[in-house]
């Protein structure tokens, strides 16, 4: 009987199907009556050709190959026998791989490199184009409803200073953690209210602005909604996205995950996520710096979009490509959970986008070998590794009958940290970098500016204000004050945004006398930011005028140059005498 020539892959498949495999040496030419089909190679290559041939016996149909035995000892095969993983890691005595080298310097960039105040940091995120868009569309809506009001003063157009003051009140309410408090209590005049709110604008005016805030032209919205479910906020979100991307360069690790601002009203994009604290809401995909928690890019999920330019595929590979576009070719690492990860995505990011990836992976993926699955026979705290040219697969047993699967294109070894639980380095790296989006979400919730509303565009607006506050804080802390807390930053930012409106309001003669007195008193007080006026600093430093030999350290700093200066080289001047 003539023997059949099979590929290496078929050889491995035959061996794995037979648990009691036996490797038999190929018979000599003089033994047996079977005819052997030789390859077309010349006689000098007969020996190498025989190593890849497989002979079948009429008696037991058993494969005969030394090469197959060698492969089965060196590789794992996936459940569907479509993917091969080497048991041994590749050679490590090589120079640093190209995809592990970052090609950008992290930190503020563009206009964010030139900031000096908190307001400038905020306007890098909430740019003047964004302010003008909200101002114009809001006033267009106010104009359309003015006929419903009997008194003109109840429906006045929104001014620039007034819009900034409105944003300042929202941030101050977040600092006071009053997002679920009745806002009327903040304007209470019985001694329990907050003076800042009373000085900035009236309660009725605040409610009117909240009612009228718009982000697009209502007259053309119905036409745009035929191709875009997010037409009501599209221009606003695009501006915010561009501001986030253009003003900061992320560190070497970023996290991709989902956020869920709470909302249970009428909107086609509302989703239910039982693992999130809010359960129901408008899902956002977010790309966040794992070190500073700066949000680089977001994408709002609105379900399946109508046919048109905004209809994008929602599969995970396409989604990850869109979300990681700002960092293509930079050599960064992206950490994500098992909802996104797959072996094809890992290879695509590395080869086409020069990005590495670390993440958990689901056990039902076709590329996972069966021995990597949870089994009772696997020892607790044991690990298995599979290696390909650029990808590493890891299976770790935290406890009996459980297994955690991770995939990485950044790690290429089987390093295990010496500890009680013997966790692989891949798991520890994943744990260090996986919390970027969750931490950003928690920071939004700590000082949330959101209010209860039935309008889904306002939910997105409040959420992006929270994100803009975090991003502005990251930039300001990086460039100006490394020790300021986020609460102090938001508090001073709120005062800065409302200051111009308070000064204008102090000239209105119809205001109550108590409010006028407070406004005139506050109008003489300079910016409360610790870097904008003289006085005690938080740290002791040497006087910049005294010689070094004197080594005179002082807390007071100059109001103009913001450098420490001793009493011998300074003069006290009151606010009234300053020009």
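Glycine too: its Cβ is placed from the backbone N, Cα and C atoms.
Just so it is clear, the model here is predicted, and its values are computed rather than measured.
Checked against TrEMBL, the range among 17-70, 71-124 recorded as region 'Disordered' is 17-70.
The stretch that TrEMBL tags with region 'Disordered', taken from the ranges 494-516, 517-539, is 517-539. Each residue in the domain 'PiggyBac transposable element-derived protein' (120-473) has a pLDDT score, and their mean in this model is 93.
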